[in-house]
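All remarks here apply to the structure that follows.
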Amino acid sequence: MAITAQHLNHQQRPSGKQQALVLLAFVGLCHLVSFIGAIASINSREFYAMLTQPWWSPPGWVFGPVWLTLYTMMAISAWLIWRQHAQPMRQSALTLFLVHLLPNALWSWLFFAWQLGAASLVNIIILWLLIVAVLRRFAAINKVAALLLVPYLAWVSFAAVLNFWLWQHNPALL
């Protein structure tokens, strides 16, 4: 007989304290990824200001608050999946979530620190595909967790188009 949430007794379910600690761990992990990217972006304001920008490019100060919000939503999304203990797909979904954080952290290094426009574009396309895969896995387990990733997918879609435009219009810098 398969074990379901109904079969778990109260002692087997994570306590409120355990759940809070895991939520904090996911928030910490996602913001660590943000910090790794931020290290690469130390001189990003100067570099970003040197780039020829499309009219639809947001000002540089927008990126920080947007990413702060998205990383927090990503953490909550992963935590909601973690809470689904009876779901057999939970582990593979969380593993895919962790894997997708690698190209997320790498993008800032490729674009800002190393100024590799083509490589950053390939990386962000890989990131986009991984986000779609994570979103689909999460949707099969918890719809709210998947919906929390939709703004992230939308922002990375926008960032990919912007990455392409900047690469094409700034060949001397990217």
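Each residue, glycine too, has its Cβ placed from N, Cα and C.
Here is what TrEMBL records for this protein:
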type     : residues : note
TRANSMEM : 21-42    : transmembrane segment
TRANSMEM : 62-82    : transmembrane segment
TRANSMEM : 94-112   : transmembrane segment
TRANSMEM : 118-135  : transmembrane segment
TRANSMEM : 147-167  : transmembrane segment
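Same-chain neighbours of the transmembrane segment (147-167): 51-54, 57, 66, 69-70, 73-74, 76-77, 80, 111, 117-118, 120-121, 124-125, 127-128, 131-132, 134-135, 138, 174, counting only residues six or more beyond its ends whose CB sits under 8 Å from a CB of the stretch. Same-chain residues lying 6 or more positions outside the transmembrane segment (62-82) and placing a CB less than 8 Å from one of its CB atoms are 19, 22-23, 26-27, 29-31, 33-34, 37, 90, 93-94, 97, 138, 141-142, 144-146, 148-149, 151-152, 155.
Here the transmembrane segment (118-135) has Cβ contacts under 8 Å with residues 93, 96-97, 99-100, 103-104, 106-107, 110-111, 146, 149-150, 152-153, 156-157, 159-160, 163-164, 167, 174 of the same chain, all six or more residues outside its ends.
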